[in-house]
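**Student:** Below are the structure tokens for one structure; questions will follow.
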Amino acid sequence: MFGLIGHLTNLSHAQRVARDLGYDEYACQDLEFWCMAPPQAVDEITITSVTGQVIHGQYVESCFLPEMLAQGKFKTAMRKVLNAMALVQKRGIDITALGGFSSIIFENFSLEKLLNVRDITLDIRRFTTGNTHTAYILSQQVEQGAARYGIDLHRATVAVVGATGDIGSGVCRWLTRHSGPKELLLVARDYERLERLQQELGSGTILPVEEALSRADIVVWVASLNQGMAIDPATLRTPCLLIDGGYPKNMAGALQRPGVYVLDGGMVEHSLDIDWKIMSFLNVPNPARQFFACFAESMLLEFEGLHFNFSWGRNYITVEKMEQIGSLSRKHGFRPLLEISGAGSEPVIQ
Amino acid sequence: MNRTDESTAAGAPALDYRSETYRDAYSRINAIVLEGEREACANYLALAELLPDHADALKKLSAMENRHFKGFQSCARNLEVTPDDEFARRYFAGLDANFQRAAASGDIAACMVIQALIIECFAIAAYNIYIPVADPFARRVTEGVVKDEYTHLNFGQQWLKDHFEAVRPGIEQANAQNLPIVWRMLGEVEDDAATLQMDKEAIVEDFLIQYGEALSDIGFTTRDVMKMSARGLAAAPRA
Ligand SMILES: NC(=O)C1=CN([C@@H]2O[C@H](COP(=O)(O)OP(=O)(O)OC[C@H]3O[C@@H](n4cnc5c(N)ncnc54)[C@H](OP(=O)(O)O)[C@@H]3O)[C@@H](O)[C@H]2O)C=CC1
Ligand SMILES: [Fe+2]
Ligand SMILES: [Fe+2]
């Protein structure tokens, strides 16, 4: 049995999903209520591999919302993640992906020091960040997306926003080793970490985000922003491929300009329909098949009986591990999402 | 996100257990703990009368509550605090009146919901949140107590589960009647709890986790549980 720990993108999104699921008591509540709400196992999932193998899983909503970080409610955020993890462990789930901000919270607040949750001691080997698969899928979106949208990768400049992050650094390693763009632009705030990454890669140019955006043919967005950044499409090159892997999205609002293509980053498409409800609350054209690569990682580990934390910690994602999870991904029928998303904005809402 | 800033921001200043402020807040929090244990002791005896088949087990639970009472008395003595009993009796008056009424009319389901589900879950949540911030003496006492409270919760849970079909409406009614009282009670001591570095939000969440688990084990669906446990929460006064 696999598990997915997820969260919604903001309060109005959460209220809408609660209403759609028929949880009216939750639908009209404010942020303070969500701060007190316990995690809930709200969906049961059945997925079939193209090999014919069938597995089952559960989706646990942690009730965390990125606004909690924006408002400095760090203890609340920590509690949400720990309580959701305790719930999946109590249910005997073998391998669980910590989706979106869950793993970022786990790392940034050193939750590995707080593994005793009431009468349960969390076994972190049963959890994976899913970031190796996400980094692999993003790298594929760069390579295959470039081909599809008429960009010659070897002559292109690729910017990675959030380059020093867990996913971002994995993507940078892959691009340097396999894709060979003309130039790689590294964007984040902490300069020392950027320099260390540059040294490790043996290439790459460190730039502030505005400059990088005006120079890039392809932008991979994987910064941990709890709210989207406003982008002026007029400052972008054309053609330009924007692959937004943030959750919530790194880019605020829709970008309307000919020659500017926006992909839902870090998203996979499965070859067969999946039996679940929860994904229909994301703004994807085909919710029965399209969803987060990090969630898909826990499915892959379950298909293979690999019940351990394949992706864990920060900055350990190697190209070899990306290749390994990539071949499992193809074997079981997943592929990177390549259709342009309806908008560069976050999943619907309001 | 800036890692270092946020991880330190999540911490809290060290508590001075001997300070006037701490001991003043403790005089009320400790008193309601004592009152809760005293009533629990009496409530299990009342239940023993109503359920002769389970009388022995219930009398044992009652005796445990009596030991808890004494343990928490020693915590107050250790900090040289005089518990505000008057405050505590007023604090529990609503729940206690409902229990007494249910017991007098032989409504076992309501008695179980009030004592073995609501009060025990409330105690478990509060004690779990208290343990990491308690003084060393009280921490040891509370760690022992909280283990017992789980067995009390289990007892009530099991009985309600065994009689689920018959008592379902009774559980729903007792839930609707008493849960809003619990939210009000929590609101009343929010400031004192904060002085002890116990977050009201964290207590409510822990309560809902424990209570929800119990209700779903008894036989309610996730949907029922969400409906029942959110009952009256939004209407509760907030800080
Ligand atoms: N699609 C999917 O399946 C998944 C998506 N995600 C999403 O991917 C994103 C990244 O996750 P992850 O790699 O785990 O996060 P990390 O915390 O490991 O890395 C975050 C990166 O963003 C940078 N960053 C943060 N704030 C800013 C800013 N204001 N401007 C520029 N750079 C910034 C950080 O560097 P610095 O602090 O120095 O600026 C760091 O490089 C998140 O949005 C997450 O929700 C995560 C998992 C799966
Ligand atoms: Fe007790
Ligand atoms: Fe008890």
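From the backbone N, Cα and C atoms, a Cβ is placed for every residue, glycine too.
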**Student:** Which residue of B:His152, B:His163 does TrEMBL report at the same Fe cation 2 site as B:Glu65, B:Glu120?
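**Tutor:** My reading of TrEMBL gives B:His152 as the candidate in that site.
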**Student:** In TrEMBL, the residues B:Glu65, B:His68 are said to bind Fe cation 1. Which of B:Glu20, B:Glu35, B:Glu37 is said to bind at that same site?
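**Tutor:** When TrEMBL describes the Fe cation 1 site, the candidate it includes is B:Glu37.
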**Student:** Radius 10 Å, atoms counted are CB only; among the binding-site residues B:His68, B:His152, which position scores highest?
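**Tutor:** Of the binding-site residues B:His68, B:His152, the most buried by Cβ count within 10 Å is B:His68.
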**Student:** What is the separation, in Å, between the Cα atoms of B:Glu65 (Fe cation 1 binding site) and B:His152 (Fe cation 2 binding site)?
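**Tutor:** Rounded to a whole number, the Cα-Cα distance is 10 Å.
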**Student:** Taking a cut-off of under 6 Å between Cβ and any atom of ligand 2, tell me which of the binding-site residues B:Glu37, B:Glu65, B:His68, B:Glu120, B:His152 pass.
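**Tutor:** Listed by sequence, the hits are B:Glu37, B:Glu65, B:His68.
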**Student:** Could you check which of the binding-site residues B:Glu37, B:His68, B:Glu120, B:His152 have their CB within less than 6 A of ligand 3?
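**Tutor:** The binding-site residues passing the 6 Å Cβ test are B:Glu120, B:His152.
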**Student:** Give the three-state DSSP assignment (helix, strand or coil) for B:His68 (Fe cation 1 binding site).
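**Tutor:** B:His68 (Fe cation 1 binding site) sits in a helix per DSSP.
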**Student:** Around the Cβ of B:Glu37 (Fe cation 1 binding site), how many other Cβ atoms lie within 10 Å? Please give the count over every shown protein chain.
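**Tutor:** Excluding its own Cβ, B:Glu37 (Fe cation 1 binding site) sees 24 Cβ atoms within 10 Å.
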**Student:** Return the residues near B:Glu120 (Fe cation 2 binding site), defined as same-chain residues 6+ apart in sequence whose C-beta is under 8 angstroms from its C-beta, sorted by sequence, else 'none'.
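**Tutor:** Within the chain, B:Glu120 (Fe cation 2 binding site) has Cβ neighbours under 8 Å at B:Ala40, B:Glu149, B:His152, B:Leu153, B:Gly156.
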**Student:** An 8 Å radius from the center of the B:Glu65, B:Glu120, B:His152 Cβ atoms defines the neighbourhood of the Fe cation 2 site; name the other residues of that chain inside it, in order.
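**Tutor:** Filtered neighbour residues, in order: B:Ala40, B:Tyr44, B:Leu61, B:Met64, B:Gln115, B:Ala116, B:Ile119, B:Ala123, B:Asp148, B:Glu149, B:Thr151, B:Leu153.
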